[in-house]
């Protein structure tokens, strides 16, 4: 019996210790921060995996699947390559004098005129693409003693034989092909592009039938350059019924310079010039459909948004585009360190502060207060510290975009087979640039994430220290982000602490008096829950023993009878 009395007193003492925290003479005030059940993992300088409440994806990994025609002027090449449109292939006549920001070449494009080759195809294609126009000005060249406007069955224009509309095929007149010597000055204030060619017959007989001389020659000169081409007579693989070829060349004539053409045969003469413009027009191979929409950035896969600093859709881009990197995802922390709230807090559901964990459900701020006093419990956000953290984080994404978005385009690189080593070197340089930017992106984002987490932790600590300085000796730091206030603190008192108007002198005497009274017989809070559980278990055990003893005593007295039937 004495044992039961002692344990009952011990249980009551522990129970009264818990209740003493919530009596009318004390209060508990905790500081905490926002938390979510499932956060987002980000990378920092010191930790590859740290959970935050919120993060923004920085890598654009998908396209719209279509090319937007605004704000860039897109010219759909359909079944015409840019060079075919330049030369005037009959099925490309619709592109005469067209302009563009981006010329889109399709995989289905084809040539449908006299078979030709361009020894410096990539340079000519790039030159015309960057000019952004096929504006053509016809000039009055004088070709005396030869037949003009030659045609071929390989280049039908309507029902009859035709030829490239921007070129003039010259052949003998009668039995003569005199030496041609024609000049054309550039008296304008812009560059002029002249496109011309050399015809390569398949046999010597064909050479003399067309040009009389057994071997022709074409020389095109300016003050800055000279090109002399000797035809290569011989049969080639058949293309559209022809084993002959035309080689296409080009010459740029600067303002004040002069074009000189000298030939004794095999000349495919220019009919005029293309007006060259300077700009940032370009060309791209893509089969993505063109649609009415708005996008600053275009890739062969389609347009992509440029609201992210990085993309891994395609290395080839046009417009103001995110930087291409290898990573498929990089997350920028836009929230604080996430510590999900514990679901249980001891036997009596005590509140706890930020040192233990965060608070879920705090929707009106990132930082705040929870209190427990004689009027109950409550919660309120601290908007000042919340706004201070948000202001420092808000500009991060825009700053990263400004550092990385390209305001120019990355064009396709093309080289002929003989320039293989140059192509390999160029590919190595491009791959190295991508590797470097991928590494830079990793470091940049990790640094920004580290800064975000540090500054949000700092705001929490600032709020805690501000509260500590207000309360002074009127409260005790409980070590978990909470203060035990040793005086009666109703809701108005709690509000004064939150808004910074608390006057500790008013409550000083009461707090000192209560502190000594409570500490005189207090049980250390770290062992309270253990004592309560042990006391409860022993009490239950003793209750069972007493009940069993009562049953045995009743059986002996005959008050309870137990019959066992077999």
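Every residue gets a Cβ built from N, Cα and C, even glycine.
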With Swiss-Prot as the source, which of 510-530, 531-551 is set down as transmembrane segment?
531-551
Any idea what the Cα distance is from residue 38 (N-linked glycosylation site) over to residue 54 (N-linked glycosylation site), rounded to a whole Å?
10
Residue 54 (N-linked glycosylation site) versus residue 155 (disulfide bond) - Cα distance in angstrom:
64
Length of the line joining the Cα atoms of residue 113 (disulfide bond) and residue 301 (N-linked glycosylation site), in Å
30
Close in space, distant in sequence - residue 489 (disulfide bond), Cβ under 8 Å, 6 or more apart
26, 27, 29, 371, 373, 497, 507
Candidate with sparsest Cβ neighbourhood (10 Å radius) among 38, 181, 301, the listed glycosylation sites:
38
Residue 92 (disulfide bond): which of the recorded positions 68, 297, 555 is the nearest Cα neighbour?
68
